[in-house]
Amino acid sequence: MSGITPPTASSLGGASVGHGQSEQFEMSQLPRSGDGIATNTPLPSEDASPPPQYPFHETDSSPTVDALQQAPPRLSVPHRFRNLVAFWLLGLCNNFAYVVMLSAAHDILYRLEQGHLVVEPSKVTKVPGRDCNPTSTGAILLADVLPGILVKVVAPFFFLRINIHLRILLAVLFLMGSLTLVAIAKTPLVAYIGVSFAAVGGSLGELSLLAFSSRFQAGVISGWASGTGASGVAGSFSYAVLISLGLRPTDTLMVMLIVPVTMASVFWLLLRIPPSPHPFSEDAPPFSSQVADPLLPPSPARRPSLRSSAMLPLSEESLDTLTVSLIDSPASGVAAMHRGPLTLAQKIRLLPRIFPFMAPICLVYFAEYVINQGLFELIYFERGLKLDHQAQYRWMNAAYQIGVFVSRSSAGVVRVRRVWILALLQLVNLVFFTAEACLLFLPSFILVLILVVYEGLLGGAAYVNTFLRIHEEVEPLSKKEFFLATTSLADAVGIGLAGMVALPIHDAICRLPGPTRG
């Protein structure tokens, strides 16, 4: 077969390349991508001549090798907008079941208690003036987050080698199983298993899609974060509204099965996946040996080739092949680990560098989820409202999700780089809401909702600004993917710790004398 018309060897050394030049060019003249062996073969005409000019770039200035490697493949404007919408919808659908479980926590515990399905009798002494569930909603929080923590601890090191399509399929199945099991649960065990399925599905989907976003333009992070914020509003409001309209919790959860189905449709039908800039595992079949080790030579089926049966200008695929070949050379100074998946040892060495991103967001989520799942149910108004205790809890969750949605959607307007400030403000909120739960001194339920929205604003801002910083500041692509996936563990750890703290806080406050709200 005849060769295509690539840049000539001399042009790679420094002369500009014109569209009219042609020369037979064999792949053997360049180091092959994925060989993983440092080669001493220098690039042709390796001298101090001016940088090469590439006919496939829009400007006359040639990009550096690092820029060629790190920049995600360009897509057309319609495709970029389509991906923004897709990531927004994926964020909404992925977190929906998790939010619904927290919104339904009070109802789930109440249903189990009324059905005499509580395994252990309450150790909480009922005090006049306090309306306490035998079990804190922190128990639902623990079931909704602890399995997710396990997934997020293991997945960045091992699961990322599994094909992205299989990971999304598993996430969708877990989310569907969650809603179904909680809806039909007749025992606490089945109910808690269903809640834990929401944690596994949501965590697997979140870390997979956050890591996968490294292959797209930075804007998809904002789209994802906004979508996860919207899931809070949509999940909490839809649950509260459907219950208010008379649907039973069981029927409401079954109706919501449409959400994971929508997630699958968006990923496989709407999302426009760009070509991979290096042989990442997402492009290989599930558990393929072709991604077992980035330092082994690729199989012939995956090895890039510059040959073609037609004399055509360089396409994006040819550019990717040539770029990888250039990066492979010792002159580029780019290590092999920058092209493919990081090894386990490399990931472990990177962990201390991830901690500054993880610590603030962990503190933010610890404080806010102690408030949400340990204190919300203890803040209520007995007089002057048409809402009962359970309804007040649902609407407080809805107010919190409004704040999260607004802040996660505002990264294009307001950026906060010192996320630790948000952590300190959230700790102040924790102290304030603890005092309110003990003393019930706030005069208005509307004022409570406003403060809850502010709490949500802090949490949402911490989330979106943390992941945007990683997307913008961390290079190369393989490291960025690992940072994004691993940092998603921070909020889960904070939430898990909050669930454990919420249980004793709930019991301690429920034993206090019941105050009279003024």
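Even glycines carry a Cβ here, placed using N, Cα and C.
As given in TrEMBL:
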type: COMPBIAS; residues: 1-31; note: compositional bias 'Polar residues'
type: REGION; residues: 1-69; note: region 'Disordered'
type: TRANSMEM; residues: 84-105; note: transmembrane segment
type: TRANSMEM; residues: 139-159; note: transmembrane segment
type: TRANSMEM; residues: 166-185; note: transmembrane segment
type: TRANSMEM; residues: 191-212; note: transmembrane segment
type: TRANSMEM; residues: 224-247; note: transmembrane segment
type: TRANSMEM; residues: 253-271; note: transmembrane segment
type: TRANSMEM; residues: 354-371; note: transmembrane segment
type: TRANSMEM; residues: 419-442; note: transmembrane segment
type: TRANSMEM; residues: 448-470; note: transmembrane segment
type: TRANSMEM; residues: 482-503; note: transmembrane segment
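Listed by sequence, the residues of this chain that lie at least six past the ends of the transmembrane segment (448-470) yet keep a Cβ under 8 A from its Cβ atoms are 210, 218, 221-222, 224-226, 228-229, 232, 357, 360-361, 364-365, 368, 371, 376, 379, 395-396, 399-408, 410-411, 414-417, 419, 422-423, 425-426, 429, 432-433, 436, 442, 480, 483-484, 487, 490-491. Counted over residue pairs separated by six or more positions, the transmembrane segment (139-159) shares at least 3 Cβ pairs under 8 angstroms with the transmembrane segment (482-503), which defines the two as touching. Cβ atoms under 8 Å from those of the transmembrane segment (419-442) belong to residues 359-361, 363-364, 367-368, 370-371, 375, 378-379, 448, 451, 454-455, 458-459, 461-462, 465-466, 505, 509, 512, 515-518 of the same chain, restricted to positions at least 6 beyond its ends. Beyond the transmembrane segment (482-503), the same-chain residues lying 6 or more positions past its ends with a Cβ under 8 Å from any Cβ of the stretch are 136-139, 141-142, 145-146, 148-149, 152-153, 155-156, 160, 203, 206-208, 210-211, 213-214, 342, 347, 350-351, 354, 357-359, 361-370, 373-375, 463, 466-467, 470-471, 474. Here the listed stretches are 84-105, 191-212, 253-271, and the one with the most C-beta pairs under 8 angstroms to the transmembrane segment (224-247) is 84-105.
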